[in-house]
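Here is what TrEMBL says about this protein:
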DOMAIN    12-116  domain 'Thiamine pyrophosphate enzyme N-terminal TPP-binding'
DOMAIN    209-326  domain 'Thiamine pyrophosphate enzyme central'
DOMAIN    419-544  domain 'Thiamine pyrophosphate enzyme TPP-binding'
BINDING   Asp450, Asn477, Gly479  Mg(2+) binding site
Amino acid sequence: MEGSEMINKDATMGRHLARRLVEIGVTDIFTVPGDFNLTLLDHLIAEPRLKNIGCCNELNAGYAADGYARARGVAACVVTFTVGGLSVLNAIAGAYSENLPVICIAGGPNSNDFGTNRILHHTIGISDFSQELRCFQTVTCYQAVVSHLEDAHEQIDRAISTALRESKPVYISISCNLPGLPHPTFIADPIPFSIIHRTSNTTGLQAAVEAAAAFLDKAVKPVLVGGPKLRVASATEAFIEFADASGYALSVMPAGKGMVPETHEHFIGTYWGAVGTSFCSEIVESADAYLFAGPIFNDYSSVGYSLLLKKEKAIIVQPDRVVVGNGPAFGCVLMKDFLEELAKVITKNTTAYENYHRIFVPDGEPNPPEPDDPLRVNILFQHIQKILTKDTAVLAETGDSWFNCQKLKLPEGCGYEFQMQYGSIGWSVGALLGYAQAIPDKRVIACIGDGSFQVTAQDVTTMIRNEQKSIIFLINNGGYTIEVEIHDGPYNVIKNWNYTGVVEAFNNDDGKLWTAKVKCEEELIEAISTATGEKEDHLCFIEVMVHKDDTSKELLEWGSRVCSANSRPPNPQ
């Protein structure tokens, strides 16, 4: 009898959801409590293998799930009805743009309230409860509203499996009176997921490989470029296999940085047009054939549509489609399969890399400052470069850190993340929380601008609470520098904070936090030495004071080109 009672006690909807999350690799959930999700949270945290990471607001909980999914492959956040759901929505949209399977769970109204014409709190004052659902429909690949116990198991499992299969966020709303109820379908050891993965059309795959090989083998100096969709296609290893077999000069698009080892013998840097690695764009754009694996060509990655590429020279390989030149196109061909098969038949050609090697001139060093000279951004990143190892990872916030971090040379095993497609300022604080929680064996180095930090600063306190040991370089230049270089105005100037004082207030002398404010190279060297030595087990926050006009040359170039693209006049009607 006791055993039967124990089974019934644990065979609840909330415990079933918790077990499913653990089964797919989620061991931490990012939450903000609200009255509609409290019972659900009780049952989730009752699962001993699932840790609750309470966040300061829903936006950061969503950003944290974004960062976690980048390292673990899947993540989950839990919010309350409407006020929480609409607050987390921006972060879920960003995860959608980056192809990250984030499971967004919202506590919903009592199941008895649906269809009753009642008006509930946390709504906009009407009896239609579907507003939250309708908002999520455009930024998730599946939505489940669980208001009946009988189909809860099916809805939850379908949502989670869809997130994994599509590599996109999903939305699950669970009525607040259901998580604690048992049902025979919520067995203690649920049947494992059986996800049917996509497969290539064999005939199409063979035809695509033959067409691509013929196209590339007749080229004199072909090149290879990796894009951000290598991750969603699970094709990084296949990409390297093809790079080894082909001998092509190898580069990555900016959002693909970190997905390809920069220690590869034919790696030539970041292809980002006029603002990429020196000599890289010249080699890529002068090639007579280029294979792009998983690219995203938008106004930012194309530097205001200024890339000098020709469609007829390109093979574009997307996660499930290959287009050779102006045609033909081959659907139902998976990138991983295509690259693996192409590697078996491609003729090795190192001409482009040999050309690069001939024209290459190593980057110069920044002019050394005089003692006590004001600190410059290029000096800062010179010293960040020195602390990168296989046991570190880099996280770059939207802004000038995009460009400065692109120039960092990543040692093998060093992670790298930033949000280029969505580009939501403030993303990095929440994402750092989740990313560091997912990879506790690495020390994450985050480069965050002051304007972005002001958007989402609160969850530094959650990092302290969870004893994370990241290093945050807060770059204080008094405003939204990236916006200044696109279009300046008084709205780009922000109220300065005492940033070290702010995070010390978050700590409240109750955690492992160490802060420093540096204004010159000598102070920076000392701060980094302390952060990587005596305080290596602390969250280290280093506020770096720099001039408001101290930016990378790449941001100056990029900003002017994006400004030009944004200010194009309307086409004649």
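A Cβ is built for glycine as well, from the same backbone N, Cα and C atoms used for every other residue.
Just so you know, TrEMBL annotations never went through curation; they're auto-generated.
Feature annotations (TrEMBL) mapped to structure.
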residue: Asp450; record: Mg(2+) binding site; Cβ neighbours (10 Å): 24
residue: Asn477; record: Mg(2+) binding site; Cβ neighbours (10 Å): 23
residue: Gly479; record: Mg(2+) binding site; Cβ neighbours (10 Å): 20
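Neighbours of the Mg(2+) site: apart from Asp450, Asn477, Gly479, residues of the same chain with C-beta atoms within 8 angstroms of the site's C-beta centroid are Gly449, Gly451, Ile475, Asn476, Gly478, Tyr480, Thr481, Ile494, Lys548.
For the domain 'Thiamine pyrophosphate enzyme TPP-binding' (419-544), the predicted model reports an average pLDDT of 94. For the domain 'Thiamine pyrophosphate enzyme central' (209-326), DSSP puts the residue distribution at 38 helix, 25 strand, 55 coil.
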